[in-house]
Amino acid sequence: MEKLILAIIVGCGGFIGAALRYLISENTSKMFNGNFPYGTLIVNIVGAIIIGFIMDINANTSLISGHTKLFLTTGMMGGLTTFSTFSYETINLINCGNILMGCTNAALNLGLSLVGVIIGQALGKIVY
């Protein structure tokens with residue numbers, strides 16, 4: 001029964017994260033014209049910052065329960081960030097002849113997401 005409860009916790013977080021990803025991507029595409037997938041880049045960076053922050057706080061304090069951590073990281077951030085969409089968009093850009101834009105997308109998503117985790121961890125150390 002405990003596994004089912006944990007799966008429901010992850011699913012609820014995933015629903016919220018996926019809904020946020022949809023809203024961010026839709027609004028971002030309206031703000032920026034062009035072919036570059038800014039929405040995916042934004043959710044991956046924001047998600048990296050948030051997961052770095054949560055994991056650092058969890059490692060250094062007891063402020064976040066195991067269930068809350070699971071809801072926020074595996075659920076919400078798992079639904080918000082998206083490696084599969086990023087991968088598809090990158091290959092699609094390359095296949096459409098936008099090799100530079102595809103490589104830029106890959107470099108920005110990877111590099112800035114890694115930096116995002118570092119920022120999140122630093123924020124966790126500052127806050128707690």
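Even glycines carry a Cβ here, placed using N, Cα and C.
Predicted, not measured: the structure shown is a model, and the values here were computed from it.
Classification of Gly78 (Na(+) binding site) by DSSP places it within a helix. In sequence order, Val10, Gly13, Gly14, Gly17 make up the list of same-chain residues 6 or more apart from Gly78 (Na(+) binding site) whose Cβ falls under 8 Å from its Cβ. Residues annotated as Na(+) binding site in Swiss-Prot: Gly78, Thr81.
The transmembrane segment annotation in Swiss-Prot covers 4-24 (among others) and is backed by sequence analysis.
Tertiary proximity for the transmembrane segment (37-57) is limited to same-chain residues at least six positions away from its ends with a CB under 8 Å from its CB atoms, namely 17, 20-21, 24-29, 31, 63-64, 69, 72-73, 77, 80-82, 85-86, 89, 105, 108-109, 112-121, 123-125, 127-128. The transmembrane segment annotation in Swiss-Prot covers 37-57 (among others).
The transmembrane segment feature in Swiss-Prot is assigned to 63-83 (among others); the stated evidence is sequence analysis. Sequence-remote contacts of a segment are chain residues at least 6 beyond its ends whose Cβ falls under 8 Å from one of its Cβ atoms, and for the transmembrane segment (63-83) they are 6, 9-21, 40, 43-44, 46-48, 50-51, 54-55, 57, 113, 128.
Sequence annotations record features per position, and here Swiss-Prot assigns transmembrane segment to 99-119 (among others).
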Which residues of the same chain, at least 6 positions away in sequence, have a Cβ lying under 8 Å from the Cβ of Thr81 (Na(+) binding site)?
Gly17, Arg21, Val43, Asn44, Gly47, Ala48, Ile51, Ser113
